Each structure stands twice: as C-alpha cells, then as structure tokens.
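Remarks on the structure that follows.
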Ligand code: ADP
Ligand code: MG
C-alpha cells in the first residue's frame, strides 16, 4: 500500500477520536481518497454536497490539524462533491488507483504507532506507572485489574494506553481491544439511545462488552453524566467478572472526580491506582533527546537543556517548543538549531509565561501579606500564624490556577492531597461565612498584578 494511503488512514483514525461518532460515520468516513496531487494536495471525494459542506463548515480545522500531524507541513486538501468529482475524473488521468475500502483488523490503526513502550522515557516520576502498564500489557486481565492511571495534563497517560494497545496488538493479535476516550464512549452510548432502536443498543453493548481489553482515556469527563456512568458501571462489571482487562486514565484520582458514583469509584480501587508525576530535569532532557532522534531534529544539547529548564510540567508543551525551535532554525537555513535560535524562537512564549500567575507568585504574595517567610509557609510549622496563611495560599492556588489538586501539594513540601482538600474546603467555607476572611482573600488577590512580571 502506498505511503500516502496509509497516512490518510492515520488521519482518519485521528479524526475519529476528535469528532462525534455521527459526524465521523456520516461525513468523514465515506470520503474517498482520489489522488495525492503533486505530493501536496489530498483530493477527496465526498458522498454528497451536504457532506462536503458539513465537513468544510464543522470539521475543516480538525481535518487540517490531523493532516498536518500525519503528513507534516505543506500538505493540504481539496474536497469535491459528486459533480465536481465527475468533472475532475474526466480531466485527470488518475495515476494512482483509487483506494480500496478500509481493510479491517479491528485493532488496526486504533493506536498511534509512535506511542510505544520503547519511545517512553522512564524516570523517577513514572517508573511505577510504566512497570504497571507493562505488566498489564504482557498479562492482560491477570495482573492489575483495573489499572487506573492518573496525573496532570501532558504527562504521558495517553501515550501509555496506546503503548499497551500497540504491545497487545503486536504480541496477541487475537485479543479484542477497544480504546475510547470518555467522550467517544459517551457519544456512542447517547447515540445508541437516541436512535431508539433496540439493535443500536445491542450493537453498543457488543462493541464495549465483547472485548478482552477496554481502555477509557480521560474518564474524569464522565462526571455529571449519570446515565453514562450507569452504563459504564455495567460494562465494567461484565468485563471484570470475565477477567477482562480494564485500563482507565484520568487527570485526577477517583476520589476527586466530582459526582463519580461511590460504587464506580470503589470499583476502581479494587485494582491498582497509580499516579504519574511531573518528570524531573534529567528525565525531561532524556525525553527531549528521544523526541529529537525520533523526529530527526538536529538540535544542540544546550537547547534541549534550555527548554527542559523552562518547562517543568507539561511534556506536550515541551515537545511543542522543541518543534518550534527546530522549524525556526530550518527557516533560517541553519543545519543545527543552536541556543541563539532557541532564545529568539521562544522569546514570546517564555515572556508570556512570565506574565501568568503561578503558584510561586501566589505563595510569595501571601507570605508578604502576612509577613512570614516562604520556608515557614511551605514547611512543617503548625502555629496558627503560619497555618492560616498556608491554607489561604492553597485555596488561592486551587481557585486560580488550573492544576490538579494533587500537584498543589508539591509546592508545600509534598503535602498529600487530603491535606490540600481540607485546606481548600475550609477556606472556601470561611470566605462564604466570614467577612474578615473574604476581605483578606480579596486584598491578597489585589496584590497579584504587582507581582507578576516583577
Ligand atoms: P496525557 O495523556 O497525560 O495528557 P500524553 O500521553 O498525550 O499526555 O503525552 C503528551 C506528549 O508527551 C506525547 O507526545 C507523549 O509522547 C509525550 N510523553 C509523555 N511522557 C513521555 C515519556 N515518559 N517519554 C516520552 N514521551 C513522553
Ligand atoms: Mg491524554
């Protein structure tokens, strides 16, 4: 099969995870790849004018994004409706044969081939979760079931799920695996209800229950969706009772998923709940090196360290900066991206970061307001003069900064998340019920603008 045909399939697979199941089945999946014109334009035939318009109106950005991801820069697309297609085929001698229907190994293409165990850099922050994922991949249904992986954005959860999928697909091709984002699971379920046909529901159940391995990515989005939770609960039980492997990821531990039903939450605890932490500096450097090799970027080691210093949590963001530097250097015609190019390319991104409020700024403000030291506020002292400011700082961080509660503890000497939740809840309550506390918090918030960009 030609490379571009494989790539197009990869684009479809990506898109499938990004748009609703209805849109995908109705508009996108039927697209016919007519030609890869001049190696730069995918000519796509839509099944109708409506299909063409729907895609252009609602999915054009996502389509471009996936094409960019898979084909790289400089590749575009063109969509033809039926009439345009006739015209086009008349005028064009199509050299490449039209694509045969998507051939089916059910697992094929479900997993991103870059997300493997080999490409996953192991360090202190993720060694346990890596070992657990590996054990589950090697012995699905037998080791840790369910495996619940949680951690902040861009720390490798999806990568690990795909790594498990790729591994099982390669070594145990007969096993039926299903990877779905929570959103996809929800949409599939809602659709099966909406269609109001009994066989749709049966199909849904067939799809999610007749499996050896089920993975649901980003389960936190199930909160507030009562009927989906109910359905997931039954899916879970059915698979679990039959010793089928279940793997779940989330940006926070089960207990912190608001409105997650108790019975579902306690199901998760019967397996292994494992967190994935932000990588330390050495691991960040190793990840960036690996990424450069993989993408064949030529990048100075100094640049890698520079980026690893600037970004200390989100790996996805780090990879984005790496690509930015590389492309910037390429534009300048440099063979190897050096530190000068990196500073230039990342100037805005890094300056912008400075403007943003972050936990350290909040801690600094709170310390100044109460005239206490940073060592005390993050330390162990239990006197009222220190405890209250500490709780206020925790509260403000949880309110104003978009990080999971579990990550806040690390700014306070590694306090565990129950302490963090306690502090947050206590101050939340006081702000509501105590005018003095409400004013204190307001005063501190008013100080922030003088502290960012300092
Ligand atoms: P999450 O699902 O936790 O938000 P992803 O799995 O999407 O994060 O990871 C974000 C990016 O970082 C991906 O490109 C992934 O390959 C990369 N990444 C994360 N952790 C590692 C690691 N330990 N080694 C190599 N790449 C990693
Ligand atoms: Mg993810």
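The backbone N, Cα and C atoms fix where each Cβ goes, glycine too.
These features come from TrEMBL:
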- 1-92: region 'Domain I, interacts with DnaA modulators' (REGION)
- 143-279: domain 'AAA+ ATPase' (DOMAIN)
- 154, 156, 157, 158: ATP binding site (BINDING)
- 330-454: region 'Domain IV, binds dsDNA' (REGION)
- 358-427: domain 'Chromosomal replication initiator DnaA C-terminal' (DOMAIN)
* Asked: Per residue, counting other C-beta atoms within 10 angstroms of the C-beta, which of the binding-site residues 154, 156 reaches the highest number?
  -> 156
* **Contacting binding-site residues, sequence order - 154, 156, 157, 158 vs ligand 2, Cβ under 6 Å** => 157, 158
* Asked: By a simple count of other Cβ atoms within 10 Å, which of 157, 158, the binding-site residues in the record, is least packed?
  -> 158
* To do: Could you give me the DSSP helix, strand and coil counts for the region 'Domain I, interacts with DnaA modulators' (1-92)?
  => 57 helix, 16 strand, 19 coil
* Per-residue pLDDT averaged over the domain 'Chromosomal replication initiator DnaA C-terminal' (358-427) comes to what? -> 92
* So, by DSSP, how many helix, strand and coil residues make up the domain 'Chromosomal replication initiator DnaA C-terminal' (358-427)? -> 53 helix, 0 strand, 17 coil
